[in-house]
Amino acid sequence: MAEWLLSASRQRRVKAMTAAAGSAGRAAVPFLLCALLAPGGAYVLDDSDGLGREFDGIGAVSGGGPNFGASLHILKVEIGGDGQTTDGTEPSHMHYALDENYFRGYEWWLMKEAKKRNPNITLIGLPWSFPGWLGKGFDWPYVNLQLTAYYVVTWIVGAKRYHDLDIDYIGIWNERSYNANYIKILRKMLNSQGLQRVKIIASDNLWESISAAMLLDAELFKVVDVIGAHYPGTHSVKDARLTGKKLWSSEDFSTLNSDTGAGCWGRILNQNYVNGYMTSTIAWNLVASYYEQLPYGRCGLMTAQEPWSGHYVVESPVWVSAHTTQFTQPGWYYLKTVGHLEKGGSYVALTDGLGNLTIIIETMSHKHSKCIRPFLPYFNVSQQFATFVLKGSFSEIPELQVWYTKLGKTSERFLFKQLDSLWLLDSNGSFTLKLQEDELFTLTTLTTGRKGSYLPPPKSQRFPSTYKDDFNVDYPFFSEAPNFADQTGVFEYFTNMEDPGEHHFTLRQVLNQRPITWAADASNTISIIGDYNWTNLTIKCDVYIETPDTGGVFIAGRVNKGGILIRSARGIFFWIFANGSYRVTGDLAGWIIYALGHVEVTAKTWYTLTLTIKGRFASGMLNDKSLWTDIPVNFPKNGWAAIGTHSFEFAQFDNFHVEATH
């Protein structure tokens, strides 16, 4: 084994042994010396007997940048359906049957930005919720199969017509029931629009039901191109494998992006194929760009949750992604010779069929690679020597580039470091690695790997303690106002043609019926903003009720919950109603009533509400005149500011202003 080291380039060897001043050099020393030691298990990498399954790419939900960082192959986006889908609502392109707008929300922008960075990125669309009109009074998207298929196809057509985006795959309904007849109708409607190239993935839930149905239904089998399962725990099921269809982990990860989250990601990227023959793994989510105290805070490959400061953090899962994404592409093939390492961990190898080879080895420990779901049975990983033998068309490879990650203790931590090349001259195509816990190695013939560098991001800052927005934007770039996070309902910039004066430009809640829900949307609409740690604050906002008699609006502070938990949000809510009443409640649902009374309020008139919360007391003003004072509020102690409506109803807001202290 020492012979190939002796024949390797002296310059490279000296660099590896002496570069103690550089972190890459320090990491290289034990790696190269290990080749002189006694090997343990031997693993053959061979294409003589053919290849395994075609690789379809690594992606994230809702990713581009080839050979810089994550270099994702797939971007999966939500088809906004106006409903709460974990951390907020995304607007539909069709709030109502005769309403079409392909410029709402941020997904169009995101897909175009991804295409700029990687023109070959695969685009997937999937609905979570649907606008209420599709249900015709029922909380169900399969009441009229043709209508729902039409709605989804219009989104695909609109993506091309207005943004020149080709959607590659379309899903059915995220983690909810599928309807076999709907899938067949969707396929026919796609074909009728010349969209034969758009493939169908189903059912974005579990393996069992859809794969069994496909084996029994020839037409369903024909129209489903990919079976997608969520959080499969690296395993597929027999029926899914029997179909012979592509198997994807079409949503996975959703784990805090710490080093443990990176370990989870590194383990499943390999073992989803080793254990379950999954040829694509898609992370939820792409970037954690939502208030951290919402559900699944920081469960993205990177973090960018301060648009007011521009601060972001490139987290370790990004560099774990790079170990696979920078050295493979969709259309490569896994080798049949992949598997588990003798003392824990796994290895996969892929080839482009043109002589290139990429090997990815992971030794993630149980403790440092738990995903948020499912339960991970215990396993052990320990130090080991692993000898890899290249055979078949790979036996003459002279050199492999080496990239290395070590997760864990700061003193031992490396993220995506390039080590010195591994020279295989006179080695008979074999090499030995010393492997320890929580490591990733990529060994590849490709020389295009690049960690990439970027300027230091702006410093982290808390949300401004004084914040104003008058919504005076004539041609907004996005439909939503910055920093507001809709939790139920959809709040959009609005041009008020009836008022050419002060309230010509406003923010309007635009839903007047409940969407077909995916999560537990509240009965009231609400959009949150600010710093979750705010305690003492004054919120002032002009409000306009559009619905006579039954309409109502509120402003609120110390709102303590959002996302899928929005129904149970507590806080201090100051309501006025078109029937001439006001109310102060301790929760969004309105069960905890602190005060109520009559007030001169009607619909179609602008009013100014002011809510002041200081210590254990709150007070409210209407049109700058005191309406209620010093109501005791012992809980919650802190939370966001918010605006909203009593039900799914039109209402407008203007001149929002908050002054806060922590």
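Positions of Cβ are set from backbone N, Cα and C atoms, glycine also.
Among the features that TrEMBL reports, active site, proton donor/acceptor is placed at Glu175.
Per TrEMBL, active site, nucleophile is recorded for Glu251. Within 10 Å of the C-beta of Glu251 (active site, nucleophile) we count 26 further C-beta atoms, all protein chains included.
Annotation comment: TrEMBL describes 66-326 as domain 'Glycosyl hydrolase family 59 catalytic'.
Annotation comment: TrEMBL describes 334-449 as domain 'Glycosyl hydrolase family 59 central'.
Marked as domain 'Glycosyl hydrolase family 59 C-terminal lectin' by TrEMBL: 486-660.
Residues near Glu175 (active site, proton donor/acceptor) in space but far in sequence (CB under 8 A, at least 6 apart, same chain), listed by position: Asp204, Asn205, His230, Glu251, Trp518.
The residues of the domain 'Glycosyl hydrolase family 59 central' (334-449), classed with DSSP into helix (H, G, I), strand (E, B) and coil, number 6 helix, 53 strand, 57 coil.
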